[in-house]
C-alpha cells in the first residue's frame, strides 16, 4: 500500500490516490449499519473505562524515577519512589476540577444579570383581571376557536405518590446492587495485592511492572467486552442479562484466583498457558461492567414517577458507596487472615468469595420486571 501511494505521489497531480468512481458495495453498507448500531449503544458506556486503560501505564512510567530518569537522581526519590505518580495524579485531578468548574457550559458561572431578570418579570407581569380571563360566548359552531389567555400563576403539582418508594421490587434491586458492588470492588481491590503476594502464599509473585501490565490488559478486555452490550440487552432483556452477567462475573472471579495461582506454581507467570488463562479471566471479568449498567437501567425503570426516580437514584448511590466502603475492608482482611492463620489451607478467602458469588447469582435470577409481575 505504501508503494502504491509512493508511485501515485511521484506520478504528479494527474494520478489520484483513490479511484474517481468507486464501486458500490453492499458489504460496506452492512458494515456501516453494524458500526452505527454498536457505537450508538455502547459509546456512553466506554468513557468511564478509558482511564483504566492508560492510568496503569502512566503510573508505571513515573514510578521509581531515580532508576529511570537522570533528573531525579537524589536521595528523596530513593526514599519516596511513588511520590511522582501520586503528585502527577493530584495534578490531573486539579486540572479536571478546573475544567469542570470553569470550562464546561453546564458548570460555568452565570452570564445573566439577575437585575435584568427582575426588570423583565416586572415588565411582563400578566393582568389577572377577571374580565380578561372570561372568553367570549360562542354563537355558532362554525365559528373558529378563540384563544383563551393563560395565567402566569404557578400551578401546584403534587409529586408525592400514593405508594412509597420502598416497594418489594425496589428493595430487591437495592439488595442485589449492594451484593453486586461488594463483589465488584472486592475483586478490583484484591487483584493488585493478590498479584504481589508470593506464589507460596497463594498469589502470583508479580513485579510492579507486571501488575501494571495486567491491569492495562484488563482495561482493554473490559473495553472490548462492552461493545456488544446494546445487542445483548435488546436480545435477552436487561433482567436476564444482569443475572447471566453477575453469575459469570462473580463465579469466574472467585474461582480464577486459586486457579491462576496453581498455574503460576506449575508454569510461572510468563508461560503461554498462564497468559491465556489470565486474559480469559479478564474477558469474563468484563461482564461486571454489564452488571453495573444493567442495574442503572433497572433502577430507572422501577421508579414510578420522576420524583421517585430522584429519590431512588440518591438511595442507590448510598447503597453503592456502602458496598464500595465495606468490600475492601472485609475482603482484604479475609485475605490477610487466611494467609496468616492458614485456615482451610489458606483458602478461607476463596471459600468466602465463592459463597458470596453463589448467593449473588441465585438472588439475581429471582429479580423480575414489574411488568412481568403484573
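Backbone N, Cα and C atoms are what each Cβ position is placed from, and that goes for glycine too.
If you look up TrEMBL, you'll see 24-43 (among others) marked as transmembrane segment.
The transmembrane segment annotation in TrEMBL covers 79-101 (among others).
The transmembrane segment annotation in TrEMBL covers 178-197 (among others).
The transmembrane segment annotation in TrEMBL covers 209-231 (among others).
Annotated transmembrane segment per TrEMBL: 243-264 (among others), in sequence order.
Feature annotation from TrEMBL assigns transmembrane segment to 276-299 (among others).
Feature annotation from TrEMBL assigns transmembrane segment to 319-337 (among others).
Annotation source TrEMBL lists transmembrane segment at 349-367 (among others).
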Distant-in-sequence neighbours of the transmembrane segment (276-299), which means Cβ under 8 A and at least six residues beyond its ends: 45, 49, 170, 173, 176-177, 180-181, 183-184, 187, 214, 217-218, 221-222, 224-226, 229, 232-233, 238-239, 241-242, 244-246, 248-249, 252-253, 256, 259-260, 263, 312-313, 316, 367
Beyond the flanks of the transmembrane segment (178-197) by 6 or more, those residues with Cβ under 8 Å of it: 203-206, 208, 210-211, 214-215, 218, 246, 249-250, 253, 257, 285, 288, 291-292, 295, 319-320, 322-324, 326-328, 330-332, 335, 339, 353, 356-357, 359-360, 363-364
Sequence-remote partners of the transmembrane segment (319-337) [C-beta within less than 8 Å, at least six residues beyond its ends]: 174, 177-186, 189-190, 193-194, 343, 348-349, 352-353
Beyond the flanks of the transmembrane segment (243-264) by at least 6 residues, Cβ under 8 Å: 176, 180, 183-184, 187, 190, 194, 199, 202-205, 236, 271, 273-274, 277-278, 281, 284-285, 287-288, 290-291, 294, 347, 350, 353-354, 356-358, 360-361, 364-365, 367
